Amino acid sequence: MFNKSQTLAKVDIEIHQAITQEKVRQEAHIELIASENYTSPAVMEAQGSQLTNKYAEGYPRKRYYGGCEYVDTVEQLAIDRAKVLFGADYANVQPHSGSQANAAVFQALLVPGDTILGMSLVHGGHLTHGAAPSFSGKNFNAIQYGLNEKTGEINYEQVEALVKKHKPKMIIAGFSAYSRVVDWQYFREIADTAGAYLMVDMAHVAGLVVTGEYPSPVAIADVTTTTTHKTLRGPRGGLILAKANEAIEKKLNSAIFPGIQGGPLMHVIAAKAVSFKEAMSDEYKVYQKQVKINAQVMANIFIERGFDVVSGGTDDHLFLVSFIDQRLTGKAVDAALDSAYITVNMNVVPNDPQSPFVTSGIRVGTPAVTTRGFNEADCADLAMWMCDICADLENEAMIDQVREKVTSLCVKHPVYN
């Protein structure tokens, strides 16, 4: 029998200390990594519940284990809410991550060796869209499209040419570092000309899609995948959505279980369900609108200060800054900003002369700071401080001054009040 008085602090002081330190870091540092956000206390409560104890292989009312009546309720709520939230006919809430959601789609619709067309990793795509180190690049004939060098936007002419030349079995639209609106309908039409499946990975913009701040691909693509964190602001996990197609739905379910996963994480699925309910609120609509406004404010400041923002701005929650002209590396900028308690990630940019371990750019995103309550004025100040540092990376006094300002701003806007 477990004694509830045996808290983490008593049982494992090392882990308790690390978690405590991370809590302090999250409160004291400004988080600008585009794929990160803060979940609500309700989401964390669900994820920390006794549901972690329950094995439930299969799907609601079709389990291979007994005692699933209550987790069936939880998973069905998550499924129903996801379908309503995104206007989907089908939803699978079991993927442990966005990458596993993507892997399941590949397993469901393709066979090894099939040709796929996805966005190049160095131009803003994701590892699972055909990058060489990924299963998607190793097991399939992966062809990559990129950006127009002049505009920094997707090169749709190149997409069309590659489709005609390679006749892919599946086209992947979506990104991990792209700041403009993707023309989902164009991808649908070009996929139809090749008789290809269209898969959209909307992991980065799912929250914006929910509230209409970014166009929805769900009714356009054959299958849409997403993570449940990032802009969606739920727990870390994956989600597969689709329009009605019984054959594809069966393949997707089988690809997740028993294809690539065993028992679902019922505590995480409960947390997903909670976050989906939160995303139906009026407050959530206000939040997503502010996410985009804040990103645009920050991008404009960087442009005004003479830095190269890829594509010249943003239509979503993120933007890329290229420091090729300044001969700075993303790694150095990342480190300098981190010293000022501002967290970003170095990122490859178009025509980057540096390796992916060094890069010439950074990716900046506003979901987390907007959750804290940052408004346009806060984000304008923050962008100015960042530009000050980027203009003089070796100025330790400048970094110290910015760190003090960051500390004051974080006290003004706590993550958890």
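Using N, Cα and C of the backbone, Cβ positions are placed for all residues, glycine too.
For reference, Swiss-Prot has these:
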type: BINDING; residues: Leu121, Gly125, His126, Leu127, Ser355, Pro356, Phe357; note: (6S)-5,6,7,8-tetrahydrofolate binding site
type: MOD_RES; residues: Lys230; note: N6-(pyridoxal phosphate)lysine
type: SITE; residues: His229; note: site 'Plays an important role in substrate specificity'
Candidates Gly125, Pro356: member of the binding-site residues with the richest Cβ shell (10 Å): Gly125
Rounded Cα separation (Å) that holds between His126 ((6S)-5,6,7,8-tetrahydrofolate binding site) and His229 (site 'Plays an important role in substrate specificity'): 16
Other CB atoms, at most 10 A from the CB of Phe357 ((6S)-5,6,7,8-tetrahydrofolate binding site): 10
Lys230 (N6-(pyridoxal phosphate)lysine) and Pro356 ((6S)-5,6,7,8-tetrahydrofolate binding site), distance between Cα atoms, whole Å: 22
Entry from the binding-site residues list Leu121, Leu127 having the most other CB atoms no farther than 10 A: Leu121
Largest separation between Cα atoms (Å) of residues that the record links to (6S)-5,6,7,8-tetrahydrofolate, namely Leu121, Gly125, His126, Leu127, Ser355, Pro356, Phe357: 17
Cα distance (Å, whole number) from the residue listed as 'N6-(pyridoxal phosphate)lysine' to Ser355 ((6S)-5,6,7,8-tetrahydrofolate binding site): 26
